[in-house]
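What follows is one structure encoded as structure tokens, with my remarks underneath.
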Amino acid sequence: MTRKCPPPVPESGFPLSGSVLAEAAVVFAVVLSIHAVVWDRYSWCAVALAVQAFYVQYKWDRLLQQGNAVFQFRMSANSGLLPASMVMPLFGLVMKERCQTAGNPYFERFGVVVAATGMAVALFSSVLALGITRPVPTNTCAISGLAGGIIIYIMKHSLSVGEVIEVLEVLLIFVYLNMILLYLLPRCFTPGEALLVLGGISFVLNQLIKRSLTESQGDPVDFFLLVVVVGMVLMGVFFSTLFVFMDSGTWASSIFFHLMTCVLGLGVVLPWLHWLIRRNPLLWLIQFLFYTETRIYLLAYWSLLATMACLVVLYQNAKRSSSESKKHRAPTITRKYFHFIVVATYIPGIVLDRLLLYVAATVCLAVFIFLEYVRYFRIRPLGHTLRSLLSLFLDERDSGPLILTHIYLLLGMSLPIWLIPRPCAQKDSLGGARALVPYAGVLAVGVGDTVASIFGSTMGEIRWPGTKKTFEGTMTSIFAQIISVALILIFDTGVDLNYSYAWILGSISTVSLLEAYTTQIDNLLLPLYLLILLMA
């Protein structure tokens, strides 16, 4: 029997793949579109960053193929450095433009800091890849050095000393989080996903520390999100370190886990939140949730939907128990039931009470992460049960020790609600495509990705080159999102598109093409790109 040898890897990098090139073309189309709208020195930096990330991405791909990366990354995808590198810089640029239009100088400068931080984190990831590549890629190093020099020079003359320190603080936190979390969680991320997720966590942690030290005033809703995210991450790091020395599956360890969770929650998280909002956090939360009759009805409705989601999980596991195959997995259509449920959850919240949706999504994120800790550490009495229930809904992207698909789905739907500064989102600045910004997650993930997956897997025949995605799935996805926009116009009277239909159609089509070609977590990546395009 003859053995087929893998294609040789040229010294210049990983062999060019049609799907990777198509993904890069879509990302460059987004970058150039934002550059054409903004057209300032920061957008030129974004273009330079995209060029160098395109070249460095193939170095990361080669490191992954040869197994020479520093940490263990998810192997069923390419590195994804280019699409991940551009999210924070582009979002910072469009935030700056939007807040400038709304006349808010504070958040205008905040957008510049976000863009500079995203560029710094992306450049660090590029330097890391180039530093461990052998032989040293001379041409790519020259391109990265030139692009990095341009970015550093422009940012040096654009940022104040305090803003430069803030960017460096986030970069330092990012470096430490990479060393800790990528070691503790092997095969959970690609390099691009790690850049996106850990970069976001680093920025949130830095913002929380900054606001805690300066005693800045702000909306309790914003502080609630910051404290919950940081608290859950620190809790995970603490228990991961602790259970290196203990067997987490025993009753003694499980009782200790629950006791320490109460200690951390009541002794650290709640006092921290109390310090920031100057009120009792529990009383504030109860008063907030039941402030109006509409909120009570929404909470009852969401509880009903949550019960339906639990029943779907139990029903599918009952089918698996009756199946002869022990490796029975839920089909794609069954997994998309949850997309329909979250669409039914988010649309009434966006239309009727976005602040309530903001807080409810934060609470739901904390619950999801806590249950994942219980499952991962096999904490009694629910640990083994959760392992059995959730294993039915695994796909090829859950190759590491954590199951993150449902958390990514929640993040993708919630980020358009969480990320937009409310002072820059007044009704007088919500005209045109920007009026659809809160619906970016619903359109990209809840409708677009769901329809593309269902129709592509059932009726698709013409495949996009180099991928498993189909032309029919992409076209039906675009059509379904256009129909959804029309329905939003009917039911949400606050949406006024101001004849910006061409930009909306182009944005939806571009993100749908990205869904067809990307191998990254689309639940997280697609809403962010649609959010960026709609904000522009």
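Here the Cβ of each residue, glycine as well, is placed from N, Cα and C on the backbone.
Annotated range for transmembrane segment in TrEMBL, selecting from 42-59, 78-95: 78-95.
Looking at 257-276, 497-516, the range annotated in TrEMBL as transmembrane segment turns out to be 257-276. For the transmembrane segment (336-352), same-chain residues at least 6 beyond its ends with a Cβ under 8 Å from one of its own Cβ atoms are 294, 298, 301-302, 305, 308-309, 312, 360, 406, 409-410, 413, 417, 438-439, 441-442, 445-447, 449-450, 453-454, 491-492. Counting Cβ pairs under 8 Å to the transmembrane segment (223-245), the top-ranked stretch among 78-95, 358-378, 399-419 is 358-378. Within its own chain, the transmembrane segment (257-276) is flanked in space by residues 211-212, 218, 220, 223-224, 227-228, 231, 234-235, 238-239, 248, 282, 370, 377, 379, which lie at least six positions past its ends and keep a Cβ under 8 Å from the stretch. Long-range contacts of the transmembrane segment (439-459) within the same chain, counting only residues at least 6 positions beyond its ends with a Cβ under 8 Å from a Cβ of the stretch, are 332-333, 336, 339-340, 342-343, 346-347, 350, 409, 412-417, 469-470, 472-474, 476-478, 480-481, 484-485, 488, 508, 511-512, 515-516, 522-523, 526-527, 529-531, 534.
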